[in-house]
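Novice: Supplied in C-alpha cells, the structure appears directly below.
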Amino acid sequence: MQPNFLSQQFNVGFLAENSTACPANATICDGTSCVLLEDNFNQTLSVVLSTVLTIMLALVMFSMGCNVELKNFLGHIKRPWGIFVGFLCQFGIMPLTAFLLSLAFNILPIQAVVVLIMGCCPGGTASNVIAYWVDGDMDLSISMTTCSTLLAMGMMPLCLFIYTKMWTDSDAIVLPYDSIGISLVALVIPVSFGIFVNHKWPSKAKIILKVGSIVGAVLIVLIAVVGGILYKGSWIISPKLWIIGTIFPAAGYTLGFFLARVAGLSWHRCRTVSLETGMQNTQLCSTIVQLSFTPEQLELMFTFPLIYSIFQLLFALLILGGYRLYRRHRVKTKTDVEKTEQKEDSKSSAKINGGFVSDEMK
C-alpha cells in the first residue's frame, strides 16, 4: 500500500519570493504549508521498488528458513516459554513504552497516536537477519516473528483501544488486516520452504543461508534509503518526534534483553528476544497511518515510522558491531588460555620424560 499524498513543506519566505499562493496542484493549503499530490514518477518508482523489495524479502526469508531445524522449531511451539517472553515484550513492553514516552514529551495527540501504533506493531522480518549475524536462536527468532504477526490481528486493536483512549477515538484507526495477512503469508511460506530444504539438503541450505544473509543486510539498508527518497517531502517534523524515535528502539532492545534474562533464557536467546522486541514492522505502521488519517494529519505524523526505522537499524548495527568485537576478543582470549594450558601440560610431561622441553614449548 503506497501513500496517496506526499507532504511537502513550503515556508513563508519561499511563498513570498515565488508566489502569493500554493502551487496549482496543491490539494490543501493554509498559507504556510501545502500538501501536493504524489507525482507520476514517484508512483511508478514506488510500484517498481515495492515489487523488487517484496521479491527480495521472500528470498531472504527463504534463506533464513534454511537455518531452522524443524525439530527445534516444533520444540519452541510445544514449549513456548521463549515465545511467551517475546509476547510480553512485544505487546506489553513496547506499547507501554510508547505511552510513557508520549506522556513524557507532551507531544500532540495525533503524534502520540502514531507513536502508539508503532509500539503495537508486530516484530519486523529484519530482526531475523540481524539475529543470524549475532548468533541468535534462529528457530526462536522466526517463531517469534510469525507468532507476533499472527497475534497482532487481535492484540493490536486491544492495545490501541487501551492506550489511545485519552487522545483519540480508537474507532478512527483503521487496521489493515489484509496487509497483516499478506505479511504473515509472505513470512510463513518462504520460511516453510527454507525449513524443508534444510531438512532434505542441509549442505545446500548452508550455501543458501550465507547468500541470503548478505542479501538481507543489503535489503535492510535499501529499505531505509528508499523510504528516505520516496518520502523526502515529509522530513520537516517536530524535534520531539526525532528524540522519541531515537529513544524508543533503544528502550525496546534494552528492556527486551533484560526481561529475557530475568526469565532465565540463555544469552543467545536473550539477544534474539532483544532484537525481536526493538525491531518493529515499520512498513505496517506506515500503512495503518495512511489508511486512518487525513492528509493534514499525515503531515504531522507520517515521518515517524521512517525515523524509527532509521534508528532501529542504527542501534541494531551497533549491537552487531559490539557483539562481533566481543566474540573476537573472547575467541582470542580463549585461544591464549588454551595455548598456556597446552604449554603447561607439555612442561609437566617433560618432567616425567627426563626434563626434555622442545623449543616450540618454551
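We number each residue from 1, going along the chain as drawn.
Yeah, the Cβs are placed from backbone N, Cα and C, and that goes for glycine too.
Per TrEMBL, the features are:
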COMPBIAS  336-348  compositional bias 'Basic and acidic residues'
REGION    336-362  region 'Disordered'
TRANSMEM  45-63  transmembrane segment
TRANSMEM  83-105  transmembrane segment
TRANSMEM  112-134  transmembrane segment
TRANSMEM  140-163  transmembrane segment
TRANSMEM  175-195  transmembrane segment
TRANSMEM  207-229  transmembrane segment
TRANSMEM  241-260  transmembrane segment
TRANSMEM  306-326  transmembrane segment
Novice: So, taking each listed stretch (175-195, 241-260, 306-326) in turn and counting its Cβ pairs to the transmembrane segment (83-105) that are under 8 angstroms, which one gives the highest count?
Specialist: 241-260
Novice: For the transmembrane segment (241-260) and the transmembrane segment (306-326), does the number of C-beta pairs under 8 Å, pairs 6 or more apart in sequence, reach 3 or more?
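Specialist: Judged by the Cβ rule, the two regions touch, with the required three close pairs present.
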Novice: Six or more residues out from either end of the transmembrane segment (175-195), which same-chain residues have a Cβ under 8 Å from its Cβ atoms?
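Specialist: Distant Cβ neighbours of the transmembrane segment (175-195) are 1, 54, 57-59, 61-68, 70, 73, 122, 125, 142, 145-146, 149-150, 152-153, 156-157, 160, 205, 208, 281, 284, 287-288, 291.
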